[in-house]
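Participant: What Swiss-Prot shows for this protein is this:
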{"type": "REGION", "residues": "1-720", "note": "region 'Alpha-galactosidase'"}
{"type": "BINDING", "residues": "E176, E277, F280", "note": "Mg(2+) binding site"}
{"type": "BINDING", "residues": "D366, D367, R443, K476, W477, D478, M479, N480, C518, S519, G520, G521, D540", "note": "substrate binding site"}
{"type": "ACT_SITE", "residues": "D526", "note": "active site, nucleophile"}
{"type": "ACT_SITE", "residues": "E606", "note": "active site, proton donor/acceptor"}
{"type": "REGION", "residues": "721-935", "note": "region 'Sucrose kinase'"}
{"type": "BINDING", "residues": "G748, G749, S750, G751, S752, A824", "note": "ATP binding site"}
Amino acid sequence: MAIIYNPNKKIFTLHTAHTTYQMQVDPLGYLLHLYYGEKTNSSMDYVLTYADRGFSGNPYAAGMDRTYSLDALPQEYPSLGTGDYRNIALNIKNEKGVESADLLFKSYEIRNGKYRLQGLPAVWADEKEAQTLEIVLADENAQVEVHLLYGVLEENDVITRSVRIKNTGTGQITIEKAAAACLDFVQGEFDVLRFYGKHAMERNLERTPLGHGTIAFGSRRGTSSHQYNPAVILAEKGTTETAGSCYGMLFVYSGNFSCEAEKDQFNQTRLLLGLNEELFSYPLASGETFTVPEVILSYSAEGLSALSQQYHNCIRNHVCRSKYVHMQRPVLINSWEAAYFDFTGDTIVDLAKEAASLGIDMVVMDDGWFGKRNDDNSSLGDWQVNETKLGGSLAELITRVHEQGMKFGIWIEPEMINEDSDLYRAHPDWAIRIQGKKPVRSRNQLLLDFSRKEVRDCVFDQICVVLDQGKIDYVKWDMNRSMADVYAGNLSYDYVLGVYDFMERLCSRYPDLLLEGCSGGGGRFDAGMLYYSPQIWCSDNTDAINRTRIQYGTSFFYPVSAMGAHVSAVPNHQTGRVTSFHTRGVTAMAGTFGYELNPALLSDEEKQQIREQIKTYKKYETLINEGTYWRLSDPFTDEIAAWMSVSEEQDHALVSVVRLMAEANQATVYVRLRGLKPDAVYLEEQSGRQYSGAALMHAGIPLPPFTEEYEAYQFAFTELKEAGRLYEKVQKWCDGNAENRVVISIYGGSGSGKTTLATALQQYFLNDGTECYLLSGDDYPHRIPKRNDEERMRVYKEAGEDGLRGYLGTKKEIDFDRINEVLAAFHEGKDSITLRHMGREDGEISLEETDFSGISVLLLEWTHGGSDDLHGVDLPVFLESSPGETRERRIRRNRDENAASPFICRVVELEQEKLEVQRKNAGLIVGKDGSVYEQ
């Protein structure tokens, strides 16, 4: 079971796959925190120590025991007024203005499944995936109950926490502060990792040692904000991407928040995350309950990357609810940077037509389609289609776009209102303002009071009229200002719940709608939004170089599948920087991928690059969005930005690298990969080179010399599974073979993959410490390939197909005597053997004395490795293939002239006939499906 209660010691233990969380009700009734970290089956109450601490008070119930003080003990949910002078999780004020809550244990319940939060986003799971622990603390004097909720997702290595606060008295109480979670550590030297920023430069990583005192950050802007993300990591000193202990907290909330990390007088650490107490004062009438939004906790003993991966899996599988979260999503083009406000219906159709020719799937009509909206001064709140501007109805425009084979999306900003709007003129009181005071403007707009149901209903009805006009596939929900004019202490919280209510209704009414969140880019990039929208526009900054840093910081908690990322025009509209089309594409592929430009202004070469980029992205989309994500560099300090995605089976990987700094006579840059199988052999698809997983992870790959500023590379790796399976069979055969030296032939049709398989098999032998030599039989025809092709044609012309059949692969074509001599010399144990090397042109034939001392395996890679004329092969291995497959591979290989000619095709067919006859000689067969079986 994930949750265990020990009634003798009153200890609650929460287990995940690799972690343990433990707390205890002490003899006085206080709930003390014992432990959170690597999995253990021990009772951790021994960590509690007691001493007489000067100026640290003692609860009255402790009697004369001066060693008991809540000011020095680790607590699960500390409150104000108990003699604990550190930062507290809860502050309750009664009608008389007294701020105190002395919370003691009352009861608990363990149940299957994950608790739910009314009106709030939260991690979801079925009954088999999670368990819930609910602990009730109470203060009868303050007349308040605090329900601590714990959700344990065992296999995901996450624990969620939330709090319900109930007024059990007859009078009103006021919540002045409420954290969702507190973590107390009795020891440890920690760094605090937080993610700061600004509009168009969000989520920059800052790592700060936690000294004595408090590091605090948060938002009081009404949103989670561009300035600080509602997430924090507490890492032990020296923790890296791949080693060390670290703890994460992620707030599932989109409004004001506060995070406090404190090191106290006794070198203990407290970490708090929850609602921001500034501008917050929430009244609770008798019997009412208040819910604090959820925090997701996770711990890693294997560094920051593992911690990030745990959050990525949790968000993809247990936060995002959209049907699109695990689906391939459309590659879109957005009209904003293509046209801004200056567009018509014809403009959108032309954009769709051009985009369709490039392989783009969807066009999105951004701001400017409603009311009198030709700039940012008017019409927010008036969600009626401007048919004059569009040259017809929205339904007609949608049809015209769909006729181009394109999906259609639209932009909305439901929370906003302009003073120059019909809605404002009808309901000026619906805009948030302080009575008797002029409101604060931002971007020439005001904020609608979404805490009021009638306001939400009015806007929702307008939006539904728009969405019901045709098949709208996608909506981008924007929010382009911060909240000011907070007229009441409950406003900011109730406002966010109003936004969630609106989004819930929207998602329920339009379940097939792909919703993308946005707030001036990444101003509301949080887990709360991802509950409703599977992706969020990562930043209004589309500069490829800045984006490497923005997406790097975002990746510490949020998966690639959540990051809206597009290729934009150059010079970049935000920075003026010029980067290559390829570099912009590589960076945008670390996200949902799309375009933010006018394709009509592109060159033919750039348009072709778009086609190639989309082809590449769709090939690797599942790997990018569902794979295990690894950060390979720090773009704030390193000369490159590098990252990779690895498939769950570790058989595919995509590595991306962007050069950030240029210098003359630059040293070679090596990139070490992560997350691969050490003993597996991987093929790099572009170069055809093979590497062991261990080599890629420990030595890395050298990057080609950089030839231009901000150059980018992508490397795709595929595990050669057939080689691994074959090696297992070959190894068993070798173990049962008494010979000191063995010869293994890999044979099959031309272009069937013999070289790739043989090279990988050689790598497996070398990995295990077995010296192995790879010999190519292509060095042993009587004539160089060019002359041999001529001879084949001569034979065919003189003797027809029967004559050609009697020539191919026989002693007439192949110097079997010479290669048989090589195999015999190897079996005889000779340390030096003369080998022949043959090129493809006249004069490219040479003899070379080769050292075979210490070599115990000779791999012969050759079409004719199963011939009856070949002697000395101990284990022939046959590769299945058809003539059609062989022909296609030869064409792709592009080594032979006229590979697709009728004559060559017939040669391949005759070759295949002979191979089917020679198949009987094989000891092992590699099937077309990659299986390996005995003859």
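Just so it is clear, glycine is given a Cβ too, placed from its N, Cα and C backbone atoms.
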Participant: So of all those recorded positions, E176, E277, D526, G748, G751, which one's Cα sits nearest to C518 (substrate binding site)?
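Facilitator: That would be D526, nearest by Cα distance.
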Participant: In the structure shown, which of the binding-site residues M479, C518 has the fewest other Cβ atoms within 10 Å?
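Facilitator: Each of the binding-site residues M479, C518 was scored; lowest Cβ tally within 10 Å is M479.
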Participant: By a 10 A CB contact count over all chains shown, which of the recorded positions listed here is most packed: E176, E277, E606?
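Facilitator: When each Cβ's neighbours within 10 Å are tallied, E277 tops the list.
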Participant: Among the binding-site residues listed here, F280, W477, which has the most company in the form of other Cβ atoms within 10 Å of its Cβ?
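Facilitator: Answer returned by the neighbour count: W477.
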Participant: Quick one: mean pLDDT on the region 'Alpha-galactosidase' (1-720)?
Facilitator: 98
Participant: To which of the binding-site residues G749, G751 does the lowest count of other Cβ atoms within 10 Å belong?
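Facilitator: Candidates: the binding-site residues G749, G751. Fewest Cβ atoms within 10 Å: G751.
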Participant: If we check Cα distances from F280 (Mg(2+) binding site), which of the recorded positions D526, D540, G749, S750, A824 wins as closest?
Facilitator: D526
Participant: With the substrate site defined by the record as D366, D367, R443, K476, W477, D478, M479, N480, C518, S519, G520, G521, D540, how many Å span the farthest pair of C-alpha atoms?
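Facilitator: Overall maximum Cα spacing for these binding residues reaches 19 Å.
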Participant: Per 10 Å Cβ neighbour count, which of the recorded positions D366, D526, D540 ranks highest?
Facilitator: D526
Participant: Determine the C-alpha span of the ATP site listed in the record, that is the greatest distance between any two of G748, G749, S750, G751, S752, A824, in Å to the nearest whole number.
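Facilitator: Overall maximum Cα spacing for these binding residues reaches 28 Å.
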Participant: From the binding-site residues E277, D366, G749, pick the residue whose C-alpha lies nearest to the C-alpha of D526 (active site, nucleophile).
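Facilitator: So, of the listed binding-site residues, the one sitting closest to D526 (active site, nucleophile) is E277.
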Participant: So, in DSSP terms, is A824 (ATP binding site) helix, strand, or coil?
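Facilitator: Where A824 (ATP binding site) sits, the three-state DSSP reduction gives helix.
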Participant: Where among the binding-site residues G520, G748 do you find the Cβ with the fewest other Cβ atoms within 10 Å?
Facilitator: G520
Participant: Whole-number answer please: how many Å between the C-alpha atoms of R443 (substrate binding site) and E277 (Mg(2+) binding site)?
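Facilitator: With the alpha carbons as reference points, the distance is 27 Å.
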Participant: What are the other residues, in sequence order, whose C-beta lies within 8 angstroms of the center of the C-beta atoms of E176, E277, F280 at the Mg(2+) site?
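Facilitator: What remains near the Cβ centre is N91, I175, K177, A178, L275, N276, E278, L279, S281, Y282, G489.
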